[in-house]
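Data first, discussion second: the structure below is written as structure tokens.
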Amino acid sequence: MTVLMLGTFSSVADFLIGLETDGLLSGFMTKYLSDGEPYLQTPHGSMICYWDGIAHYVMYILMLYALSWGRSYREVGLYWAGSIGHSMIVFIPGNVVGKFGLRTSFLLNIPYMFLPYWSMAKFLRERPTLCVQQKKTRCIWCRPLDLLLVFCLIAAFGVAFVRGFAALDAQDDLFKIYRVEYEPYLSDPVSYPKIQMLVYMFYYVPYYVLAIYGLVYQGNVWMPDWSLIHAGAAVQAQVSHIGASLHSGTDPQLRVPDDTIIRSSFWLINVVLLLIVPQLLALRCNVNKSFFVRPVNHDEKPVTKSAMLKKNE
């Protein structure tokens, strides 16, 4: 509980930082921002402060509420771990390789480098072991929602590579056109968008492949948990990236071009495909978990929570 309460305090501080970097407040964090963590004054820094101050604050409150009433907050914890863990994966390397370099204030972020992943491992170890009777499942072609999610993941797979190579300044026409005309923010010297695209290419793509497998074949018990982690990471990534791409502090030449077709494509990729689809995937996996539960033969008795507790006693 103490950790969660400290998290709420940190969220409030970050929200104030976000307001000050956008000129909505003054005098609260001026000295800290100028001498301590100047990279928080970037559009990306501003957006992650807002996200921490609003979204993570709500998650802390939900976990505190559940803890106070003796209820499980495992699902919220996995979502939070994915969100804040992903934030650090992009934020810290972006600070080091970008124009700000390595600073002493980097040490302030060390707890956030380890706590989310320790919590994630703890929640994953606490996954309840449940089994159901073996049932004949319909093939993927007879499950329209799962099939749609598979197609969306395949599309996200392709988009991740296009944006990754575009961020790496690949000179082929496809990557160059995308970088120059669709998302010029990828060329921002702060390096956060470049790191974000590399995270998509090297971390999200393997998850897409595994998630497709998990949707096609029955009994992948890890799917509900990892869909929550992925959903939390994806929403944090996209809110930060979209917000920074449109932020008034971003160089006008690096913002999303004011063209109807380009902006429509930008929203389709960044909101529908990369933000909404992960939330729908997590919803599908956690509302109806029976498809992902390990099947047993008909002559075996299903293992229930009560049976497991008796066995452990």
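Cβ atoms are placed via backbone N, Cα and C, with glycine included.
Among the ranges 77-94, 221-238, the stretch that TrEMBL annotates as transmembrane segment is 77-94. If one looks beyond the transmembrane segment (42-65) by at least 6 residues along the same chain, the residues whose Cβ comes under 8 Å of a Cβ in the stretch are 1, 4-5, 7-8, 10-18, 21-22, 73, 76-77, 79-80, 83-84, 87, 91, 94, 190, 192-193, 235-236, 239-240, 243-244, 247, 249-250. Counting Cβ pairs under 8 Å that are 6 or more residues apart, the transmembrane segment (266-285) and the transmembrane segment (106-124) reach fewer than 3 and are not in contact. For the transmembrane segment (77-94), the most Cβ-contacting stretch among 106-124, 145-166, 197-216 is 106-124 (pairs under 8 Å). Note on the domain 'EXPERA' (145-281): DSSP counts are 111 helix, 0 strand, 26 coil.
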